[in-house]
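Trainee: Once you've had a glance at the structure underneath, I'll fire off some questions.
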Amino acid sequence: MTATQALSLGVLAGGRGRRMGGVDKAWIEVGGVTLLQRCLAGFPGFAGAVLVSARSADPRFAALGLHPVFDRRPGFAGPLAGLEALANACSTPWLLTVPVDVEGLPGDLAARLYAARRRNGAVLADAVGLQPLVALWSVPALRTAAASALDAGHAAARDLVAALDLAVVDIAPATLRNRNTPEDLQQP
């Protein structure tokens with residue numbers, strides 16, 4: 001089984017968008033292109049399944065050929081609930097996750113994480129530090145660990161990375177860019 005056959009791409013796009021005034025980040029446009037489209041464009045030729053953890057069943061997902069998945073937890077339980085939803089919807093052994101609002105990912109991200117993975121996966125680090133939502137996860141391990149953490153009231157993805165002992169792929173001195181605020185949207 002090749003890396004492409006073994007993994008799915010999971011985009012985390014189900015957050016509240018508090019710093020953006022509650023707007024669904026997936027559909028925010030930068031230069032006439034939505035953040036979701038920009039994110040997917042970072043994986044040209046990706047042949048595996050693409051899953052999107054979303055907060056609504058917006059018809060624009062279908063227009064892109066995507067089927068959103070939703071958190072099973074009530075309210076907004078944070079990105080860990082999105083990871084759980086993606087893992088539960090995933091049919092491949094490995095799941096590569098990326099937040100919809102992150103840019104500057106290496107073009108060979110999937111291959112690098114897959115090559116470096118340990119039993120439970122690998123996570124990206126940049127000049128700022130660990131990026132716990134940019135990771136390759138063993139789907140069975142992620143399903144179990146995310147459910148256990150959420151059931152215990154924990155919501156930090158960073159703790160999940162540590163608990164699963166993911167390999168770290170360091171791209172420093174490079175730094176990823178987040179589009180978290182309206183000011184971030186003004187940057188080219």
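Backbone N, Cα and C define each Cβ position, glycine as well.
All annotation found in TrEMBL is predicted automatically rather than curated by experts.
The feature domain 'MobA-like NTP transferase' is assigned by TrEMBL to 11-164. The GTP binding site annotation in TrEMBL covers Leu12, Ala13, Gly14, Lys25, Asp71, Asp101. Among the features that TrEMBL reports, Mg(2+) binding site is placed at Asp101.
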Trainee: A 10 Å Cβ contact count, applied to the binding-site residues Asp71, Asp101: which residue has the minimum?
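Mentor: Taking Asp71, Asp101 as the binding-site residues, the minimal 10 Å Cβ count falls on Asp71.
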Trainee: Enumerate same-chain residues with a sequence separation of six or more from Ala13 (GTP binding site) and a Cβ-Cβ distance below 8 A; give 'none' if the list is empty.
Mentor: Asp24, Lys25, Ala26, Leu35, Leu36, Cys39, Val52, Ser53, Ala54, Arg55, Pro99, Val100
Trainee: Near the Cβ of Lys25 (GTP binding site), how many other Cβ atoms are there if near means within 10 Å?
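Mentor: Excluding its own Cβ, Lys25 (GTP binding site) sees 23 Cβ atoms within 10 Å.
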Trainee: Have a look around Gly14 (GTP binding site) and count the other CB atoms within 10 A of its CB, chains all included.
Mentor: 27
Trainee: Leu12 (GTP binding site) has how many other Cβ neighbours within 10 Å of its own Cβ?
Mentor: 27
Trainee: How does the model score the domain 'MobA-like NTP transferase' (11-164) in terms of mean pLDDT?
Mentor: 90
Trainee: According to DSSP, which kind of secondary structure is Ala13 (GTP binding site) found in, if we only use helix, strand and coil?
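Mentor: Where Ala13 (GTP binding site) sits, the three-state DSSP reduction gives strand.
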